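Please read the structure below before turning to the comments.
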Amino acid sequence: MNIRNARPEDLMNMQHCNLLCLPENYQMKYYFYHGLSWPQLSYIAEDENGKIVGYVLAKMEEDPDDVPHGHITSLAVKRSHRRLGLAQKLMDQASRAMIENFNAKYVSLHVRKSNRAALHLYSNTLNFQISEVEPKYYADGEDAYAMKRDLTQMADELRRHLELKEKGRHVVLGSIENKMEGKGNSLPSSGEACREEKGLVAEDSGGDSKDLSEVSETTESTDVKDSSEASDSAS
């Protein structure tokens, strides 16, 4: 399975996945609105044949009276690929992109009160908190929970990871300079320098600097149907 940033050519297949999985559906222009306005924030999950089996459609909220924050418009995973942790990985990727590109402080979403699988995922696995109940939010009259996830901890982890990478880069440069002084050789080739850097960064970072993407790969939601029913009706 591969998770990557959504591209314009993916939007029609994302819409098809949405129609298969969710009661909340959107016109194609709404997908293009997200893709063109916030191209960094939406992600797709694809199988070994490159077929889209899940997606997250996300955006930034434009509220000048609030801190920067993102919003999950829609999340879906096809039934054939649920219980693989894909929903969690898609959500984490989108949240990470919100931090890196827009300095988001939190992310919000809406979920049907009756969607127990999605509530379990959001509350127990992704640390969303219910902020309020919005009566008759959905077109069929069902209420929605408005939920928020604080992104401070994820932002701190990203910052530490970048600091470790920068520290490793300085260690590599120092090692190269020492070798040059000791041997009197010319500068190493770019390939040699890259190999030096990879080895030293791995030694320096140890277990504590594990890439966040690796963390999400090993962490799967438990007893969750991967929440492909979770979505926002997107006002």
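Any Cβ shown, glycine's included, is placed from N, Cα and C.
Because the structure is a prediction, the values reported are computed rather than measured.
If you check Swiss-Prot, you get these features:
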type	residues	note
COMPBIAS	193-213	compositional bias 'Basic and acidic residues'
DOMAIN	1-152	domain 'N-acetyltransferase'
MOD_RES	MET1	N-acetylmethionine
MOD_RES	LYS136	N6-acetyllysine
MOD_RES	SER186	phosphoserine
MOD_RES	SER205	phosphoserine
MOD_RES	SER209	phosphoserine
MOD_RES	SER213	phosphoserine
MOD_RES	SER216	phosphoserine
REGION	1-58	region 'Interaction with NAA15'
REGION	175-235	region 'Disordered'
Check your understanding: On the 0 to 100 scale, where does the mean pLDDT of the domain 'N-acetyltransferase' (1-152) fall?
Key -> 94
Practice item. Could you tell me which of these modified residues, MET1, LYS136, has the fewest other Cβ atoms within 10 Å of its Cβ? Key: LYS136
Practice item. Could you break down the residues of the region 'Interaction with NAA15' (1-58) into DSSP helix, strand and coil, giving a count for each? Key: 24 helix, 15 strand, 19 coil
Revision key, fill the gap. Between the C-alpha atoms of MET1 (N-acetylmethionine) and the residue listed as 'N6-acetyllysine', the distance in angstrom, to the nearest integer, is 37
